[in-house]
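Colleague: Quick one: structure below, then a few questions.
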Amino acid sequence: MVETTQHFVSIESSNRPDPANTTPANYSIQLPQRYRNIWSAMLVNIALPAVSPPQKYVYLDIDKLNSIDSTSPSGGVNFALAKIPLSIAGTGNVFFADTMTSSFPNVPLQNPVATMDKLNIKLKDANGNVLTIPAGNEHSFMIQLTCGDYIPRGGGSTITQNGRVLGGTR
């Protein structure tokens, strides 16, 4: 029987290690532990201030966890982890989304991530341009990581037509 573990990770953009040389819309942050054999990632919630230029949608891009494809000319495969609809573009209101409304599906990654100890985060528009969040307006969000069994000497998993199979070449 396959066992999975759910991890919920809270991220605050104000905790980025080098705020003087990064922005709240494009940064890297260390995770509290190394996560192994990540099968899926899902945005649980987000509090997001107004962005510049004003947008109807903001795309959350987290390197290695993206599973949403885009049809925009500069989009492509694995463009974003989540598409976040902003209720009123350009307002100073904080937008909060919650997956209890099934806004953000939990989509399995085509190729599970063997290990991850850092997140590379970008907030983008539909064309892939990194947005601007005014100085001092930080954001906060939570993601859920679903991790499979950690198997020494051959962990990882593979998605086949009949489901997910433990083991593999990683």
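Cβ atoms here come from the backbone N, Cα and C positions, even for glycine.
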Colleague: Scan ASN26, ASN137 for the residue that Swiss-Prot records as N-linked glycosylation site.
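Modeller: Record lookup, Swiss-Prot, feature N-linked glycosylation site, residue ASN137.
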Colleague: Give residue numbers and ranges for long-range contacts of the region 'Disordered' (1-25): same chain, 6 or more residues beyond its ends, CB-CB under 8 A.
Modeller: 31-32, 35, 39, 44, 51, 119, 121-123, 130-133, 137-149, 164, 166
Colleague: What Cα-Cα separation, expressed in whole Å, is found between ASN137 (N-linked glycosylation site) and ASN21 (N-linked glycosylation site)?
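Modeller: Pair distance, Cα basis, whole Å: 16 Å.
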Colleague: With the cut-off set at 10 Å between Cβ atoms, which of these glycosylation sites ends up with the most neighbours? Options: ASN21, ASN129, ASN137.
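Modeller: Top count of Cβ atoms within 10 Å goes to ASN137.
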Colleague: How do the residues of the region 'Disordered' (1-25) split into helix, strand and coil according to DSSP?
Modeller: 3 helix, 10 strand, 12 coil
Colleague: Determine, to the nearest whole angstrom, how far the Cα atom of ASN21 (N-linked glycosylation site) is from the Cα atom of ASN129 (N-linked glycosylation site).
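Modeller: Per the Cα atoms, ASN21 (N-linked glycosylation site) and ASN129 (N-linked glycosylation site) stand 18 Å apart.
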